[in-house]
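Asks: Not my notes, these are from Swiss-Prot:
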type    : residues                  : note
BINDING : 23, 88, 127, 462          : (6S)-5-formyl-5,6,7,8-tetrahydrofolate binding site
BINDING : 234-239, 253-259, 278-281 : GTP binding site
BINDING : 234, 253, 255, 258        : K(+) binding site
BINDING : 238, 259                  : Mg(2+) binding site
DOMAIN  : 224-383                   : domain 'TrmE-type G'
C-alpha cells in the first residue's frame, strides 16, 4: 500500500439537511479524530474496534468548547474503501456546523482532499482498478435505473474481468512466441505457427467487437440522448417537454415565440435517459432576442441524437413545416402531430410521406393523450427491447470505447501482417500494442497525468 498524508473533506452535498459527514482517510485519521472527540463514557477512538460507531461531541481542543453533537464511525485499514484508516464524523446538516467540524479537523493535522482523492487512493492502493474508479462517478451521475445498473456492473469488475482475460490471452501468446524465438531447441513447446497465431488474434478481435457492439447503447445510458424538440412556434414544444418531464419546466402560452432560448432537462423515458432540449420555434422573425434563440436551435440540431418534430394537427402543413423536414433529413427523428383533440386540418398522408418511414405519433398534450405511445417509440427506436438482457457487459465510457477501437486496429494490423507472411516476431509488435492499450482501460499501463485528469472530475469527499 502506498503511504500518503491524511486527507479530509465533506462527503455529503452542501446545504440544509438532517446529517452531514466529514470523512478522513490516512494513517493519522483516528488520531486526529481522537483529539477532537469526547464520549460520555470517556472512551478513546484509538481503543475502539474497527467498523464501530460512537456517540459523543466534537470539542475545540484550544478552548474546550463543545462544537457539535456527533456520531463517529471508525474503520481501520485494510478493510476500507481506501485501504487506509477511515473515520466518518456524522454531524448535523447545514453550512455552519459541518464547516466548523471540518476546519477543526484541518487545524489538527489533516489536509483538505482534492476532488476524487478518496477514490484515487482506492485505485492507487489496489482496492479498485481504473475502470471501476470511473464507474463511481458514473454511478453518482446516473439518471435512470438502467444507467445505474451499468455503472454497478462496472464497479463490480465485470468489464475489468473481461479486459484482464483478453490481456492474459495476448500475454500468453507473446510468451509463446518469445520461447519459440529464444529457445528453438525446446521440442516440448508447440511451435507458434501463423495459423495458431491467427486463431489467437481472431479470438481477441471477436471479443473486442462484442464489447464494442454495446458501446452505442452504453454511451446513451451514460450520457443521455441529446434530444432536440423542434417545430413552428406554438405547436406544443414546451408542452411536450413538460409532459415528458412530468412538471412545468417551460412556459406554456398561446403567444408564438414564448420560448426565446434553449431549455434543457434530463428526463427518464422507460429507462432511457434523455437530455431533452426545448428550442425556440424556428421561423423568420424580426425580434433580435428570438432570432438568437432560433440560431441556437439550429446549432443544437447538428449535435442531436434524436429529433422530436412537433406539428399541429389542427392546421395545414406550411412551408416552414416542410423546411423543418428538409433540415432533419437523414437524422433519427420522431414526428409528433399534436392537438389531436381538435378537428383535423393537416394532410396525414403527406406527413407520413415526409417522415420517410420514421415513427409518427399523434398526441393531445393538453389532455395528456399519446404520451405512452411516444415514450414507447423513443425506447424502440434506440433499444428495441434489447436493453433488458442482463448478461451483457456494456461499454459506456468514451475513453474505454476509443481504447477498444485502437486495440482492435492493432489486432487487425497483426492479422494483416500474418496474411502478408511477416515473421512472427514482427507480428508480435502489434499484439503487444493491443495488450498495452487494453491495459490503459483498467489502469495497468497508463500515464500519471491521465490519472490526475480523470480523478479531477470527481466531487470533493468522494
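These residue numbers are counts, starting from 1, taken along the chain as shown.
Each residue, glycine too, has its Cβ placed from N, Cα and C.
The shown structure was predicted, so the numbers you read here are calculated from the model rather than taken from an experiment.
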Asks: Could you tell me which of these binding-site residues, 23, 127, has the greatest number of Cβ atoms within 10 Å of its own Cβ?
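Replies: The most densely surrounded of these binding-site residues is 23.
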Asks: Work out the three-state DSSP category of residue 127 ((6S)-5-formyl-5,6,7,8-tetrahydrofolate binding site).
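Replies: In three-state terms, residue 127 ((6S)-5-formyl-5,6,7,8-tetrahydrofolate binding site) counts as coil.
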Asks: List the Cα distance (Å, whole number) between residue 237 (GTP binding site) and residue 23 ((6S)-5-formyl-5,6,7,8-tetrahydrofolate binding site).
Replies: 45
Asks: Quick one: of 234, 238, which of the binding-site residues has the smallest count of other CB atoms within 10 A?
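Replies: 234, out of the binding-site residues 234, 238, has the fewest neighbouring Cβ atoms within 10 Å.
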Asks: Determine, to the nearest whole angstrom, how far the Cα atom of residue 88 ((6S)-5-formyl-5,6,7,8-tetrahydrofolate binding site) is from the Cα atom of residue 234 (GTP binding site).
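Replies: Between the alpha carbons of residue 88 ((6S)-5-formyl-5,6,7,8-tetrahydrofolate binding site) and residue 234 (GTP binding site) there are 53 Å.
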Asks: Between residue 234 (GTP binding site) and residue 23 ((6S)-5-formyl-5,6,7,8-tetrahydrofolate binding site), how far is it from one CA atom to the other, in Å?
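Replies: The separation of the Cα atoms works out to 51 Å.
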